[in-house]
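Below is one structure, written out as structure tokens; comments come after it.
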Amino acid sequence: MVFRKPPDGGWGWVIVVVSFFTQFLCYGSPLAVGVLYLEWLDAFGEGKGKTAWVGSLANGIGLLASPVCSICVSSFGARPVAIFSGFMVAGGLMMSSFAPNIYFLYISYGIVVGLGCGLLYTATVTITCQYFDKRRGLALGLISTGSSVGLFIYAALQRELIELYGLDGCLLIVGALSLNILACGSLMRPLESSSSPQPEKMCVDKVPDQYFVYHEKEKTIEENISILEKGYIDEKCVNNVPDCKQDITLNKNVLSSININEKDTYKKKVVEQTNFCKQLAKRKWQLYLTYWKETMVLFKNKVFSALFVAILLFDIGGFPPSLLMEDVARSANISEDDYYMPLISIIGIMTTVGKLILGILADFKWVNTLYLYVTTLLMTGVALFAIPFAKSYLTLAMLSGILGFLTGNWSIFPYVTTKTVGIEKLTHAYGILMFFAGLGNSLGPPIVGWFYDWTQEYNTAFYFSGFCVLLGGFLLLLAALPCWNACTNQSSKLPPNTYSYKVASN
């Protein structure tokens, strides 16, 4: 289908609102999973590393499966995928309330809910990009705050529901709330022209006529005619044997001439179809080879290679606090009476503030977004090193706010990627980086939990997390120094015949 020009308004603002609430409803519980993490530790009695896999899978599996999510949205459209994913998220949360062990939660909460969130994220971003062009940055910024607001509200909501209805009741109620995604998804009306031909049909029309094979109906009609002729001859042979022999001889001569022509035509078309399939397979193989060649060229860019390492190490070290901060406070013997607000809620609200402020700073011409991103990484590493020295709710709350604000650097990450590889290669490079970001999200909390299981304290774990983030930041800073610019510009040039993604939002 051919999409019309983005209206930059109108029904697009409805899309922004429903996309905001979609991300709010789907990401609220997975991002605030730290509250559930404490209950799962008490309920199943497993180690912290093993239990942390549940939340890490829920947040990382969507990024790991981002290529599959893009294919689904491109094939079926944003609205069907959003509705189907709403069932996945709600069903996964409700199934988790009946989990008999931690391994069941890996599937119900980690994989089912995580994959549903990944599909919903891709659907909301795709439909928003279809409706906005000039105001696309503003629209994407508004819908991205839905997940942060969801983290802020769901952290307090889930704690309250656990006190009132227990862990199982909390998951059932949160799953029921997620069913509102179905209503939001039904409003994601695709921006398309119904009178325009579909691209598939246009592609078929361009295929030469000699590559078409027999139509199935025509073949069926020929077979039916031969069957009728055979039946007619058999009936005549029963009634009149002499005439039968003459008709058989005559029909054999006629049919043999017809069959020879049909066989030649059929063989010719089969050969042509085989050649066409071979050419198509060869072309696809060349495209795959070109894709991997371009990937290797991207990694020859020193800044991109350092960015790939930095995002992986940042998610390994920087993501665990949002999952484990509540348990850190409990391990520090902080009384629940001192709690004015869940630490995860503080992280959520400050992440929203960080996304907005860092996004605004990135728009200033005098601000180098790459150096701004490096600064957030280095400050995150320092804040992680300070967590073991925090022994009161106030200091943990301050560190949670700082970490939440710095986590808002996700809003400038697309800017950094664009500046590193250029707008032409943004889709290719961003997909690679998001895959490794999901890998870091999945590995970070279990690694920190394993450190606690080995040492029975969080100090070593957060020293390791801070070291990872600082290492990634310093590597990116070294690669971004001006002395590497000449080498980077030369190595980032791609061959003239480049392979371009067909983005889902186009």
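Backbone N, Cα and C define each Cβ position, glycine as well.
Any TrEMBL annotation is an automated prediction that lacks curation.
Listed features, source TrEMBL:
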TRANSMEM  12-40  transmembrane segment
DOMAIN    15-484  domain 'Major facilitator superfamily (MFS) profile'
TRANSMEM  52-73  transmembrane segment
TRANSMEM  80-98  transmembrane segment
TRANSMEM  104-125  transmembrane segment
TRANSMEM  137-157  transmembrane segment
TRANSMEM  169-188  transmembrane segment
TRANSMEM  303-319  transmembrane segment
TRANSMEM  339-358  transmembrane segment
TRANSMEM  370-390  transmembrane segment
TRANSMEM  396-417  transmembrane segment
TRANSMEM  429-452  transmembrane segment
TRANSMEM  464-484  transmembrane segment
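Taken together, the residues of the domain 'Major facilitator superfamily (MFS) profile' (15-484) have an average pLDDT of 79. Long-range contacts of the transmembrane segment (464-484) within its own chain (CB-CB distance under 8 A, at least 6 residues past either end) are made by residues 302-303, 305-307, 309-314, 316-318, 320-321, 370-371, 373-374, 377-378, 380-385, 444, 447-448, 451. In terms of C-beta pairs under 8 Å, the stretch of 80-98, 370-390, 429-452 lying closest in packing to the transmembrane segment (52-73) is 429-452. Beyond the ends of the transmembrane segment (396-417), by six or more residues, the same chain brings 141, 144, 148, 307, 311, 318, 321-322, 325, 328-329, 332, 334, 340-341, 343-344, 346-359, 361-362, 369-370, 372-373, 376-377, 379-380, 383-384, 386-387, 390, 426, 429-430, 433 to within a C-beta distance below 8 angstroms of the stretch. Most Cβ pairs under 8 Å to the transmembrane segment (137-157), among the stretches 12-40, 80-98, 104-125, 339-358, belong to 12-40. Within the chain, the transmembrane segment (12-40) has long-range Cβ neighbours (under 8 A, six or more residues past its boundaries) at 6, 46, 51-52, 54-55, 58-59, 82, 85-86, 89, 93, 102, 105, 109, 113-114, 116-117, 120-121, 123-125, 127-128, 131-132, 139, 142-151, 153-155, 157-159, 162, 167, 170-171, 174, 177-178, 180-181, 184-185, 187-189, 322-327, 330, 342-345, 348. A Cβ distance under 8 Å defines the sequence-distant neighbours of the transmembrane segment (104-125), meaning residues of its chain 6+ beyond its ends; these are 19, 22-23, 26-27, 29-30, 33, 40, 53-63, 65-66, 69-70, 72-73, 78-79, 81-82, 84-86, 88-89, 91-93, 95-96, 140, 143, 181, 185, 188, 504-505.
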